[in-house]
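Let me begin by presenting the structure, written as structure tokens, before commenting on it.
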Amino acid sequence: MEAAASVLGCTPAALRLLIGVLLGYPLAVVYRWYVHKLVPNAQHIFFTVTGLALIIFNYRWDSLHSLTNIVVVYVFMRMAGRTLAGLAATFIFSLGYLLMGYLFTATDNYDIKWTMPHCILCLRLIGVAFDYYDGGAKDLVILSEEYLTQWSWCARWLFLGLFGTITLHKYVACWLMAEGSCALSGLSYNGRNAHGINQWNGLQNIWVWRFEMTTNFDGFIRAFNINTNKWVAQYIYKRLKFLGNKNVSHIVALGFLALWHGFHMGYYICFLNEFLVMKFERDVSQIIDSFPRVRNVVYHEKLQWLRLIFMKIYVASLFGYCLVPFILLKPYKFHQVYASFYYVPSILLAIWFFSSFQAMPLVKRMARDSSNGLVNRDASIGNGGKIGSDDTKAQDKQD
């Protein structure tokens, strides 16, 4: 393996990971041809054995970490039952085990170690504990030097868009390869839709068309890493309803995602960027929709292609800007990139966030006054300019 990796110019761990992903295809063929028709227990044994073989092939003795976590969670659920204590124990132990793994294995770069599949296992085990707990409830309770010094500001900004696009498509390629083997085995079959067409999106993690065509962050988030986002929405965000504030719930959910990824500062800055941009987009959309004349200009059909080009550049470049800390991890690394932009995007987003609490109520009042003005003007025109006419008063009473 070391010799082959040396020839290919990659690390042995990376080569084993790629082989492990590709092995999903022949295993899927074996499953469809020989195992699919067997009893469920035989199918469970097949997936257990092949899954263990793949993880041992990739991570050798480090696979014991995953097995340990599984066994401990099983013991928690058997001993504690459907109790809040059992759920809390599973949550704390699984997340704590993952974080300890990060603490003892993390370096300044991305490493292919047992913590990579274990972070997914952590979510699955916590999800199982939540579902098990909910099952007992009532139904209703449920950088280069050239880049830094020689490129213009605009060139660097456009390069960020290219950087973000290429980075995200590495994830997309890996997910689609894994999804292919799942579809081939039948695991991703999701029944038929309303038109009677078979659906194979049961394990879909990327909505390719929406991902490629979206022109805002919300579209990116909804189309990218679908399963993780659904998990966070179901088990974290929606369960924070008692806080009574969507912004606070959003921040806590993103904070959990950052903690789940590890201790590197880059994760927390990345998800903070996401929160600020999402709020900015929601506010701007609300402002546009509040004023019909502005909305008619912005969404004019003759500006369709110009709007599409502008928004694609905006979303790709700003997403790349937000993604920089996630990729570079360490502050001394992503500071160089952000400093090359004088932190302008970060400063503008922060200014908007703090000023929006005063600005948005003002916008709502202006929109309401503007709407009332249009109604009064239309009434005046319809009654020959006599606002106080009997017809107008009758209409007011009817309204």
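Glycine is treated like the rest: Cβ placed from N, Cα and C.
Caution: TrEMBL annotation is automatic and unverified by curators.
Marked as transmembrane segment by TrEMBL: 13-33, 45-61, 81-104, 157-178, 251-272, 309-329, 341-363.
Sequence-distant neighbours of the transmembrane segment (341-363) (same chain, 6+ residues past either end, Cβ-Cβ under 8 Å): 153, 156-157, 273, 276-277, 279-280, 283, 286-287, 290, 318, 321. Between the transmembrane segment (157-178) and the stretches 13-33, 45-61, 81-104, 309-329, Cβ pairs under 8 Å are most numerous for 309-329. Long-range contacts of the transmembrane segment (81-104) within its own chain (CB-CB distance under 8 A, at least 6 residues past either end) are made by residues 65, 68-69, 72-73, 113-115, 118-119, 122, 125-126, 129-130, 132-133, 135-136, 259-260, 262-263.
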